[in-house]
Amino acid sequence: MWSGRKLGSSGGWFLRVLGPGGCNTKAARPLISSAVYVKNQLSWTLQIKPGVFNEYRTIWFKSYRTIFSCLNRIKSFRYPCARLYSTSQTTVDSGEVKTFLALAHKWWDEQGVYAPLHSMNDLRVPFIRDNLLKTIPNHQPGKPLLGMKILDVGCGGGLLTEPLGRLGASVIGIDPVDENIKTAQCHKSFDPVLDKRIEYRVCSLEEIVEETAETFDAVVASEVVEHVIDLETFLQCCCQVLKPGGSLFITTINKTQLSYALGIVFSEQIAGIVPKGTHTWEKFVSPETLESILESNGLSVQTVVGMLYNPFSGYWHWSENTSLNYAAHAVKSRVQEHPTSAEFVLKGETEELQANACTNPAVHEELKK
């Protein structure tokens, strides 16, 4: 029998095992002498004494202490039918938000800290445009992406959102930093055409995933995945909002020794190309890891290509080497159409007739007719 009482202010519980009849008898020599649950540790600790159950004389225990961390597993368990996202499970890193908040007013300074991102548009805009045009049989000159809906995740000040809007696409740019969106809104307002094609929202991806499920022809996460705290959930959400056959575009930094040396030590601490603390090497992701996560979520990786930045010229160029920056394009698999009930019936009747034809000559002659 169990009995228990709560422990002081810790919020935990102390439990003990009572012998037969509810008495705490030494003759019974209980199997578990005590069990303590500490709230802050989220684990059960069972202290087990070596000995024999006198009633059965069959079980001996040699271990003195067994720790079950089952509560940690239960906390993260999800039923297979449950969604893998929620508004409480954010992929946004609050530390990253503070970093970008301090730089929100510098997005459109082409000679400032975001100069490499301005220059990167020379590669990433054509990369997105050309791969999307493969899915469009006919496109309008000057507005090749007209009619396409694109989600720009982590849009910042709109550096990539605006060029996509100028190509004719309807673009929604989202960012968790309020000041970033204010900067983007302000800059967009100078162009009446963009004002109609682009919409900005202050939110994270997981906050809009339910309302925008299978909505977008393309999702763009450029220089974003190396800043999230839960990469798998983030990519799952990207897949959720894509239409079947839709495209996901990612540019990010590989997780290599070279990327640490050049991407953090040189770029941040020596040359000052980007502010210190902008990147965390542990968050960098290799193309192999990225591809594995994408394929497990029903996306097929079409292209992975390296990108190199020349800090002296200020220009990017494509490369076969992906050990630093790289771009990836993946396509969401199309949902297979399931046959209707009428098709099942027709198929069943046909199979039955064919089976009977093998044994019944009359049926075989009927099928010939």
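For all residues, glycine too, the Cβ spot is worked out from N, Cα and C.
These come from TrEMBL:
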- Arg124, Gly154, Asp175, Ser222: S-adenosyl-L-methionine binding site (BINDING)
- Glu223, Glu226, His227: Mg(2+) binding site (BINDING)
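Glu226 (Mg(2+) binding site) has a Cβ environment of 22 other Cβ atoms inside 10 Å. Just so you know, of the binding-site residues Asp175, Glu223, the Cβ with the fewest other Cβ atoms around it within 10 Å is the one at Glu223. Looking only at the binding-site residues Arg124, Gly154, Asp175, the one with its C-alpha closest to His227 (Mg(2+) binding site) is Gly154. Within 10 Å of the C-beta of His227 (Mg(2+) binding site) there are 22 other C-beta atoms, taking all protein chains into account. In sequence order, Gly154, Val224, Val225, Val228, Thr252, Ile253, His279, Lys283 are the residues of the same chain, not among Glu223, Glu226, His227, whose CB sits within 8 A of the CB centroid for the Mg(2+) site.
The binding-site residues near Glu223 (Mg(2+) binding site), taking a 10 angstroms Cα-Cα threshold over the set Arg124, Gly154, Asp175, are Gly154. Separating the Cα atoms of Asp175 (S-adenosyl-L-methionine binding site) and Glu226 (Mg(2+) binding site) is a whole-number distance of 15 Å.
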